[in-house]
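Chemist: Below are the structure tokens for one structure; questions will follow.
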Amino acid sequence: ALRLAGGRSRCEGRVELEQEGTWGTVCDDGWDIPDAHVVCRQLRCGHAVRARGNASFGRGHGPILRDEVGCEGHERDLRECPAALEHDCSHKEDAGVVCSEHQEWRLSGGRDGCAGRVEVFFRGTWSTVCNSTWYETEATVLCRTLGCGDALQRLSFGHTLPGKMVYLCGSLQPSLAQCRWAFNKSAPCYQSWAAGVICNGSGS
């Protein structure tokens, strides 16, 4: 039993393990990318793009169950990795990870964080979103995810980032990650612009 807590998706956060019915954390001493890879793979979240320490996803609770974790990176389960069960850590040293399948969004170039070009962080890089299927539903899902209300107006920009993402939401999902999506597929993005939006929470 393994989970990530305190992140913005199930593929980012503080590493938490369950032992005998109690959830605990992992100390960041020696915590590095091979350790984080094992966590991401175990959770079906791709590979690790960041290994975090110093409780960057908040301090956990309960026992600290592992210290000085020493995965090589190919293990199938974090429990297979050598680790110290005794520790001299506190929760301010809780380890975290950001996995490649984590998605987060921002609006850039507008007057505030609730207006601008849509950019998505995915597989370790920021990308733009193709407007070929960027309709009212998709724009509203994003505005709500960002705490910016509903979509007021959709905008178009040029693509200037390396990757392109496309989303298609059949209904108002809790986040764009739960809609249908494709990354760097040329067909749906052919001759598209980069999607943008002004949410009704902008300027308020």
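Glycine is treated like the rest: Cβ placed from N, Cα and C.
Per TrEMBL, the features are:
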type	residues	note
DISULFID	CYS71-CYS81	disulfide bond
DISULFID	CYS169-CYS179	disulfide bond
DOMAIN	2-100	domain 'SRCR'
DOMAIN	105-200	domain 'SRCR'
Chemist: Please give the average pLDDT for the domain 'SRCR' (105-200) in this predicted model.
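Modeler: Residues in the domain 'SRCR' (105-200) carry a mean pLDDT of 95 in this prediction.
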Chemist: State the Cα to Cα distance, in Å, between CYS169 (disulfide bond) and CYS81 (disulfide bond), rounded to an integer.
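Modeler: Counting only the Cα atoms, the answer is 40 Å.
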